[in-house]
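Taken from TrEMBL, the feature repeat 'PPR' covers 155-189, 256-290, 291-325, 357-391, 392-426. Summarising the annotation, TrEMBL assigns domain 'DYW' to 571-663.
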């Protein structure tokens, strides 16, 4: 029977008794209380004999605070202590589950303490399990373990609650160590237990725990469970074994959005953008609806390969599906636009975020820094500080990167010192970026001194930053020294050896070039082959230097020769110092003409509408001569040309580049 309550929490005892003859409805607890404090003076039906009748306590008041300073902390427990509320299992269960649902662990501690004092908890296994689960779900794992150890009797719910807590709170080793203990005591895990254990094994390095658990699943017939199957796919995917993940996925008799998401996110982590997009299409064909987690993985995959058009299509599809731009997916969408080359779209997404967190701000700072917007990066960082967002180590790395990419020496010095005010300890990436900043502006001796005075041991990356600066400023002596230090610390990295080879080649020391190349060959170190690619109408076209394989290569070479002639007329002079071969001047110029980024640019000019932006990606840093040439091309063709290399974005417009030649 539905009747309005005159008081949202407590109602006149006589009226309640007439309405609730047998028991209170769901969502209410029975209170035995004196009628006077809760009576309604306007209700004429109150009788003198109702002094000890019951009233109603609603679920929404379960975690209501004590009304007096001397209370327990929770109003419901105060009523119990006064004898006004009858304690029972259902009430305590509701209190603890509400604490778990809302993450109110302090209130949960109060309930736990009350139960211990009242001895209501003694030998009550179900309530004890609820307490273990509450502490585990709220991340208080030491409290959960303490409660677990104190329990004289345990069941599978107890073991599963603790294992799941460790697994979900980044303590996978503790979760896995519980498994053999549980088996020795004769407990057989259910599919929830195994799912948590597989999640834990996917967080550990190596496949051994996961494969052993997989064998256990097969032995006891749990592989048909959608929970276990999804966890197996996720475990193999997190370990990087995508073939095994696919086999586990294909072997599932029943699939869910979770299993699809596990497979998609695994390929996304490996940067396999095209495969991720294919899986998204296949998932929809199988009538599974993408979730926020699906879209987040797809946006990450699009970011890794710079697939702007596909990313826009997926974004539009997400909007059409009605999913909201919640925090974590907003951050991945923002990251996708920034990494795919559209910083303006990234800014629009950032401006629409309801409550940007530090991850949102860091993503925006990174995007601005990589796109050469040094001043804007610093302005946004200052805005972040003004509104009270606490910067972390990533925030400062973004700012230092912006200063390095834009040659902002004084600002870089200031922000490096500012880290101390926020108790952020510089780590290796901060030192690498600071050395890069000093080196780019030509302060090589100061950069070397800074490395020697670092409070931590310099890594190969730190010396590599100095080596790169020596290559830029043609300081061969210091470059050789930095290269030797980098070799000692990381003998398998080809980067320092190639930089040293380039330094020798620029100085015409061809014998030394040959020695470095011979050393690389003997040690098995191989140079990464350079390639560039463009995406047109959902097809990726890849080019290498002097490419002959593309079906349009004749037209591409003809187009570049035409463009090359035009840019020479307005001042372009081939920089043959970037040809690191012992050949004559004419052959040097010919070698420069068909670098991969130039071929990609010529192809894009042939196959994209006049006036539209051209987007090129390269797997290593853009060549210095190509950088100069593309600046002139942007002026001749009157188009924006965006080149993404491993270091940053270059926006070429009207004969200049966003990097300010700090490329």
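Every residue, even glycine, has its Cβ placed from backbone N, Cα and C.
Remember, TrEMBL labels are computer predictions, not curated facts.
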Report, as numbers and ranges, every residue of the chain located at least six residues beyond the repeat 'PPR' (256-290) whose Cβ falls under 8 Å of a Cβ in that stretch; write 'none' if there are none.
226, 229-231, 233-234, 236-238, 240, 242, 245-246, 249, 297-298, 300-302, 304-305, 307, 310, 314, 317-318, 321, 540
Determine the mean pLDDT over the repeat 'PPR' (357-391), rounding to the nearest whole number.
95
Per DSSP, what is the residue count of the repeat 'PPR' (291-325) in each of helix, strand and coil?
28 helix, 0 strand, 7 coil
Count up the helix, strand and coil residues in the repeat 'PPR' (155-189) according to DSSP, in that order.
26 helix, 0 strand, 9 coil
